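Colleague: Sharing a structure, written as structure tokens. Questions coming.
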Amino acid sequence: LQGAFIEHVHALNSLRDTEHIDKVVEVRTKAELDSIDALIIPGGESTAIALIAERCGILDSLQDFVQRKPTWGTCAGLILLAKNAIHTKKGGQRLLDALPVTVSRNQFGRQVDSFTIKLDSPCLGSESVPFEYVFIRAPAIVSIDDPEVEPLVRLPPGHGQTEASENGLLVAVKYRNMLGTSFHPELTSDNRWHRYFVRMALGG
């Protein structure tokens, strides 16, 4: 509907020969949503995605989908998936109320405050190469609101300039059928996070 979806399409297509992906579908209608087994909600503008989904008549179907099937929210998609969000626009915004975390919107500042950082990520497997994380007007996970939520990646202490960052802000979590990340893996040539989600979806 809006955001960096085509980059996710390219990343998933790069895995089709090795990860048992039948096809990659761009979802704009309820029929397309009903046809898929797993969904990525891309980065972009979370309020715009929610408004467009509501106008297209698929927001309620989307809310049902994310409760049942593998779903990955990246950046704006993470905000939409969350049960709670702070620092939202005046009047708040519609959330899918699915992932039991509290997300701070635009935690790292404006577009000019975007940054990249290389981090070791054991959850991605045994590869010794650090992943390059891309943060663009990114949110962060400031609290886990259910003990079943599994923390996957934290930034080094100090990033984010809040009290919560003393222990390193959370930027990736897993919960049941849901994956939430505050960064943009689709903007790199490294498809390990996409492989992680595909295998998570196949396993589920």
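Cβ from N, Cα, C; glycine included.
The structure displayed is predicted, hence computed values, not measured ones.
Feature table excerpt (TrEMBL):
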BINDING   Gly44, Glu45, Ser46, Arg105, Ile136, Arg137  L-glutamine binding site
ACT_SITE  Cys75  active site, nucleophile
ACT_SITE  His184  active site, charge relay system
ACT_SITE  Glu186  active site, charge relay system
Colleague: In Å, how long is the longest CA to CA span across Gly44, Glu45, Ser46, Arg105, Ile136, Arg137, which the record gives as the L-glutamine binders?
Modeller: 13
Colleague: Using the Cβ centroid of Gly44, Glu45, Ser46, Arg105, Ile136, Arg137 as the reference point for the L-glutamine site, which residues of the same chain not in that list have Cβ within 8 Å?
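Modeller: Filtered neighbour residues, in order: Gly3, Gly43, Cys75, Ala76, Ile79, Asn106, Ala138, Pro139.
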Colleague: Work through the recorded positions one by one (Glu45, Glu186) and point out the residue whose CB has the fewest other CB atoms within 10 angstroms.
Modeller: Glu45
Colleague: Of all the active-site residues given, namely Cys75, His184, Glu186, which is spatially nearest to Glu45 (L-glutamine binding site) at the Cα level?
Modeller: Cys75
Colleague: Take the C-alpha atoms of Ile136 (L-glutamine binding site) and Glu186 (active site, charge relay system) and report the distance between them in angstrom, rounded.
Modeller: 12
Colleague: Do any of Ser46, Arg105, Arg137, Glu186 (recorded positions) have a CA within 10 A of the residue listed as 'active site, nucleophile', and if so which?
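Modeller: Cα within 10 Å of the residue listed as 'active site, nucleophile': Ser46, Arg105, Arg137.
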Colleague: Give the distance between the Cα atoms of Glu186 (active site, charge relay system) and Gly44 (L-glutamine binding site), rounded to the nearest whole Å.
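Modeller: Here the two Cα atoms lie 12 Å apart.
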Colleague: Looking at the recorded positions Arg105, Arg137, His184, which sits with the largest number of other Cβ atoms within 10 Å of its Cβ?
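Modeller: That would be His184, with the highest Cβ count within 10 Å.
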Colleague: In the structure shown, with every protein chain counted, which of the recorded positions Cys75, Ile136 has the densest set of Cβ atoms within 10 angstroms of its Cβ?
Modeller: Cys75
Colleague: Excluding near sequence neighbours, so keeping only residues 6 or more apart in the same chain, what lies with its CB under 8 A of Gly44 (L-glutamine binding site)?
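Modeller: The answer is Gln2, Gly3, Ala4, Phe5, Cys75, Ala76.
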